[in-house]
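Trainee: Pasting in a structure now, in structure tokens, and then I'll have a few things to ask.
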Amino acid sequence: MQAEVRKRQSNKPQSSTDPSQPGSKHIGPSLKGPKFHFQLWFFLTVQNWILDFGRPIVMIILPLEWFPLNKPSAGDYFHMAYNVITPFLLLKLIERSSRAPPRSVVFLGVVTFVMGASIHLVADSINHRLLLSGYQLHLSVRENPIIKDLKPATLIDSFELLYFYDEQLGHLMWYIPFFIILFLYFTGCFSQVNEDQKMPVSGWMLLGPSALYYWYLVTEGQIFELFVLTFLAMVATVIHRRRKGLVPDPNGHFLFLSFSATMCLVAVWVAWLWGDPVLRKKYPGLLYVPEPWAYYTLHVKDRH
């Protein structure tokens, strides 16, 4: 009896996982390339423009009576939102990577990013209030008329410390992990060559705003060296992976083209202001990359 049952069972058609077997329900590896993460790139670009680039603008536009100097300004609230939304979007971006980087590196990078951006929030908030009192960004701290006559003179050291937290330490702790996370994500954006590797139209539409924002980030943040190192690392990665028959997927293509366009924009910006004597004095040395807001206070502010 048991032998007959086993015989009947052996005669039943079985669902095979072997794709070579007829009637197999197994679906082989998809030949389609990774999808373009339009929503993530769109949200990242929009919030960068509104919450980061828009911070000083909203402080200039809104009436001062709405935000007293001893209270957080509208720009400060924008900065608070940026400090929460950006690391969240970076984590979501890393989740979509086909080659997940070490979690401890990502978590450490996000924690450092939030701490650096928070340091910058406080220092930048005070610096923007100094602008309303006549502080001029195209001058150094000690050369500013509202600073150099302070008594006692040790107060000037305090303002230089504030500038250090705002423009140096805060920027380094903010932008170093930011670019490290983007680079780690980029290293996972490679696959075999196929017809779906092309960037979609939505990616080309986001390319201009994305590159223009990175230009602002590099120039205003004074992080050209960090950006160049990241970009060169991306170029080296592309060359290395191509030797293995791999090319950037649509997301890697978008990120690489954004950085390439940013390099061109920075080069045009530097060439345009190369002979400016005032900005040259504030930004000495071979790596001369003026800040847009310094240009604004020098050449644009007094025209309005």
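Here the Cβ of each residue, glycine as well, is placed from N, Cα and C on the backbone.
It should be emphasised that the depicted structure is a prediction, and the values quoted were computed from it without experimental measurement.
The region 'Disordered' annotation in TrEMBL covers 1-26. Residues or ranges marked as compositional bias 'Polar residues' in TrEMBL: 11-23. Sequence annotations record features per position, and here TrEMBL assigns transmembrane segment to 40-62, 74-93, 105-123, 172-189, 201-217, 223-240, 252-274.
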Trainee: If you count every Cβ pair below 8 Å, which range out of 74-93, 105-123, 223-240 shares the most with the transmembrane segment (172-189)?
Mentor: 105-123
Trainee: Quick test of the contact rule: Cβ under 8 Å, at least six residues beyond the ends. What residues does that give for the transmembrane segment (74-93)?
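Mentor: Sequence-remote neighbours of the transmembrane segment (74-93) are 37, 40, 43-44, 47-48, 50-52, 54-56, 58-59, 62, 66-67, 106, 110, 113-114, 117-118, 120-121, 124-125, 128, 178, 181-182, 185.
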Trainee: Among the recorded stretches 40-62, 105-123, 223-240, which has the greatest number of Cβ pairs closer than 8 Å to the transmembrane segment (201-217)?
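Mentor: If we count Cβ pairs closer than 8 Å to the transmembrane segment (201-217), 40-62 scores highest.
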Trainee: Can you name the far-off residues of the same chain, 6+ from the ends of the transmembrane segment (223-240), with a Cβ under 8 Å from a Cβ of it?
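Mentor: Residues 171-172, 175-176, 179, 182-183, 186-187, 214, 217, 248, 255-256, 259-260, 262-263, 266, 287, 289 contact the transmembrane segment (223-240) from elsewhere in the chain.
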